[in-house]
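For reference, TrEMBL has these:
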type: BINDING; residues: Val62, Phe63, Gln64; note: FAD binding site
type: BINDING; residues: Cys216, Cys221, Cys224, Cys236; note: [2Fe-2S] cluster binding site
type: DOMAIN; residues: 1-95; note: domain 'FAD-binding FR-type'
Amino acid sequence: MFEILEKYYLGPKIQYALVKAPLIARKAEAGQFVILRVNEKGKRFPLTIADFDRDGGTITLVFQEMGKSTHLLGQLSAGDHIMNVLGPQGNPTEVEKFGRVVVVGGGIGVAPVFPLARKLKEHGNEVTAIIGFRSKEHVFWEERMRSAADRLLIATNDGSYGEKGFVTEVLARRLESGPADRIFAISPAVMMKAVADLTRPLGIKTIVSLNSMMVCGMGMCGACRATVDGKTRFTCLDGPDFDGHQVDFDELISRLGTYREEENVSFERWRKEAKHGN
Ligand SMILES: Cc1cc2nc3c(=O)[nH]c(=O)nc-3n(C[C@H](O)[C@H](O)[C@H](O)COP(=O)(O)OP(=O)(O)OC[C@H]3O[C@@H](n4cnc5c(N)ncnc54)[C@H](O)[C@@H]3O)c2cc1C
Ligand code: FES
């Protein structure tokens, strides 16, 4: 059993949870995730390790209430326990001194971007963070991100805070003003596709963290498969990070859309509206 030490809302339907998990905290690295089962009635589902404190023995989770399992987790309070937390799972994000790096986080994707930006900075990179939200009330972790990056740019879809528009528009302007040596994007699949479409013609290597559906989390069921460079890869074992220019996003979005109509609708919107997509 894993005790929840702190829990509160960061925004509409977005919650923060600090969980006691000393063995996971000891090994966790940016880019990895845990697989949770809230209680015996809940299903297993993945959440990214948004932060970890090795000395304090805690991990931080930031999650959006989507369906039954995330809602079940959302109903717990500080002092309650999660039945299973398995991890750290997946491969840590490969970080070295690249030079000028841009990290792009959209919505709930801002949480995993935080430990990544911090690690990139520790490795001597100059880090620009671009984070995007639907509107001002959805903005979270601004100060954390400011502390982790050299420069922070915030975008909201409706312009109620920061720059108006999608993170890709802010990214395009950033790339017009100066080159970048590496880009990382963590956001809904449609946004990662748009980032990859923007950076492909510029030849800037772009790493994305795939949010495929997961069932077993250990390479057995195939639920998380994605086509990368023409080959089938398992997000849980081979990822979650992949070269964004090699990911078949249309297939990924279509598979996610099998379960989530909203993803298809927003993909169509992106196709029509994104200035830099194809
Ligand atoms: C490696 C990885 C890391 C993740 N990290 C986080 C995180 O840090 N915070 C967070 O809030 N979420 C994260 N997710 C997504 C999270 O796992 C899902 O939102 C969760 O499994 C939904 O479970 P549920 O029972 O609440 O909803 P369900 O009832 O299973 O689904 C509710 C709705 O959400 C859709 N959905 C379910 N899973 C996904 C998904 N992976 N991508 C897009 N839509 C989905 C379903 O199609 C459905 O329409 C991550 C996913 C992966 C693969
Ligand atoms: S989730 Fe089952 S193979 Fe990846």
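Any Cβ shown, glycine's included, is placed from N, Cα and C.
A TrEMBL annotation is a machine prediction, not a hand-curated record.
Here the features listed in TrEMBL are painted onto the structure.
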residue	record	DSSP class
Val62	FAD binding site	strand
Cys216	[2Fe-2S] cluster binding site	coil
Cys221	[2Fe-2S] cluster binding site	coil
Cys236	[2Fe-2S] cluster binding site	helix
Task: Residue, out of the binding-site residues Val62, Cys221, whose Cβ gathers the largest set of other Cβ atoms within 10 Å - done: Val62
TODO: Filter the candidate list Val62, Gln64, Cys216, Cys221, Cys224, Cys236 of binding-site residues, keeping only entries whose CB is under 6 Å from an atom of ligand 2.
DONE: Cys216, Cys221, Cys224, Cys236
Task: Integer Å distance between the CA atoms belonging to Cys216 ([2Fe-2S] cluster binding site) and Phe63 (FAD binding site) - done: 20
Task: Environment of Cys216, Cys221, Cys224, Cys236, the listed [2Fe-2S] cluster site - residues of the same chain whose CB lies within 8 A of the CB centroid - done: Met214, Val215, Gly217, Met218, Gly219, Met220, Gly222, Ala223, Phe234, Thr235, Leu237
Open item on the list: For ligand 1, list the binding-site residues among Gln64, Cys216, Cys221 whose CB atom is within a distance below 6 Å of it, in sequence order.
Closed with: Gln64
Open item on the list: Among all protein chains shown, how many Cβ atoms are found within 10 Å of the Cβ of Cys236 ([2Fe-2S] cluster binding site), not counting that one?
Closed with: 26
